[in-house]
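The feature active site, charge relay system is assigned by Swiss-Prot to His139, Asp169, Ser247, with sequence analysis given as support. Positions annotated as substrate binding site by Swiss-Prot: Gly245, Asn246, Ser247, Leu302, Gly303, Val304, Thr305, Ile306. According to Swiss-Prot, the domain 'PDZ 1' annotation covers 290-381. As annotated by Swiss-Prot, domain 'PDZ 2' applies to 418-502. The region 'Serine protease' annotation in Swiss-Prot covers 124-289. Look at Swiss-Prot and you will find 1-23 tagged as signal peptide.
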Amino acid sequence: MVNLKIFLIVIVLMFNNIILAKENSNALKVVDQEENEFTAINSAPLKISEAARYSFADIVEPLIPAVVNISTIEYVNDKSENSEKDLLQENKHLGFMSDVLEKLNIPLNLEEIAKTPKSIPLGSGFIIAPNGLIVTNYHVIANVEKINIKLADNTEFLAKLIGSDSKTDLALLKIDSEEPLPFVEFGDSNDARVGDWVIAIGNPFGNLGGTVTSGIISSKGRDIDVDTDNIVDNFIQTDAAINNGNSGGPMFNLDQKVIGVNTAIFSPLGTNIGIGFAIPSNTAKPIIERLKKDGKVSRGRLGVTIQDLTEEISEVLGFKGTNGVLVSKVQENGPGYKAGIKKGDIIIKFGDRLVKNTKKLRVIIADTPINQEVKLKILRDAQELELPIKVTADNEEVINDSTEETNKAVIINKKENNLSITKNNITFSNLTEELRKKYDIPQDKTGIVIINIDEEESVFKLGDLITNINHDSIDDIRKLEVLYENAKKLEKQNILLLIERGDTSVFIPLSVS
């Protein structure tokens, strides 16, 4: 009986396998019939090129020769007075050789070895013209005296710097070759879409030149705040592997066009985790053209010092939200001064473009032709004003970022002589000749000064000169206390101090709650 049950189970399993095999066979036939087509949900069949479906080899092969490794040359004996020690430390095998050769009475000439140039990898780049013009990142070649270029065939050249632009992190180099060089062309990054395939070629970790990786465009228009100096706010994000050393290398689309300059990665560990960023070609190309023509990029300015709004600052000024930028200083006889901009004004619109923060304003100004007149919309004492202003060529606006929140308990400790007062662990004093000399405060400056900070971390600094509180000028600490107590009675959270620190000014909120 048991044997009969086992027999029946085997028969059922065999029958099921036959059915499954038949279904799989039918499925394979469907795939064969579809050939190079697939159907997306709710879409028509899409064609996929044979080359891209099975391999990127045909796409990549002609591109690799146009991608270069960038390095600099360093000599050990240029590094320090302890050249011999440094040399043995960096090349531990020399220590072993020295011992062996010493036993054989053969001298090891470390001085000659130290004269041997050592290549220090910097990053990647790509050739954009047969005459040897090369695009890379500014941060790759910044502060480097000798720039060495190695081609895919290991041919090496010394490059000269044609021009650079730290604001967009781009640089243009040139090498001189007797033969025309392979090159690549920029494509239109505006045509690229999220989900498109992209290919990155570069020199990761400085010794893996010609490395090819692929991925898709994960997002566009990313503002990643690479640093406060950078004005690019529309990075392309990709999951193609980008590592240290890939900086300055090209990002290609499947049409073999450069649609981005690989620039940065997001990684807590400093290695690729699938989040890389590239400067779009439509941002890079006009900058490169200006570097080719002039060797630099000139931009306009307003002649004001600006800072981002915070909730604390907005609350004091009676402004809703944090969109806009706060003017903390106006350069005398500058464009802003001539237009009538004042300290404490909030810039909310530049022409027909809304101003979200300091970086956005800098980007807008960078896009504005020099000497063009625009309408600037500002808020002053809760009223909107429109001021015409002409953008002139010079350095960019000074940005202040010392607007961190300060929420310390308030301690009032007025001294008997009424020369100083302590609030939030910060001691303020009337400005005396002794303090003016100690903190190098010019004679034409008035205000109260910070003489002590009783906390480890503070946005304030010793010697900070407070010239205004809210909209009022101040030159006596008694006024600080009056304004402070009035703010508490009105149930305000902060008062706003205008600090002069060296050549710049910044608004910093002081908590009263």
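Positions of Cβ are set from backbone N, Cα and C atoms, glycine also.
Gly303 (substrate binding site) carries neither a helix nor a strand DSSP state and counts as coil. Rounded to a whole value, the Cα-Cα separation of Ser247 (active site, charge relay system) and Val304 (substrate binding site) is 33 Å. Model confidence over the domain 'PDZ 2' (418-502) stands at 89, taken as the mean pLDDT rounded to a whole number.
Between the CA atoms of Gly303 (substrate binding site) and Asp169 (active site, charge relay system) there is a gap of 23 Å. Cα proximity to His139 (active site, charge relay system) (within 10 Å) is found for the following recorded positions from Asp169, Gly245, Leu302, Val304, Thr305, Ile306: Asp169. Residue density at Val304 (substrate binding site): 25 other Cβ atoms are found within 10 A of its Cβ, drawing on all protein chains shown. The binding-site residues listed here (Gly245, Asn246, Leu302, Val304, Thr305, Ile306) include no residue with a Cα within 10 A of the Cα of Asp169 (active site, charge relay system). In the structure as shown, the Cβ atom of Asp169 (active site, charge relay system) sits within 10 Å of 27 other Cβ atoms. Most other Cβ atoms within 10 A: among the binding-site residues Leu302, Ile306, that distinction falls to Leu302. Summarised by DSSP class, the composition of the domain 'PDZ 2' (418-502) is 19 helix, 30 strand, 36 coil. Largest CA to CA distance in the substrate binding set (Gly245, Asn246, Ser247, Leu302, Gly303, Val304, Thr305, Ile306): 38 Å, whole number. Summary for the recorded positions Asn246, Ser247, Thr305: the Cβ-based neighbour count within 10 Å is maximal at Asn246.
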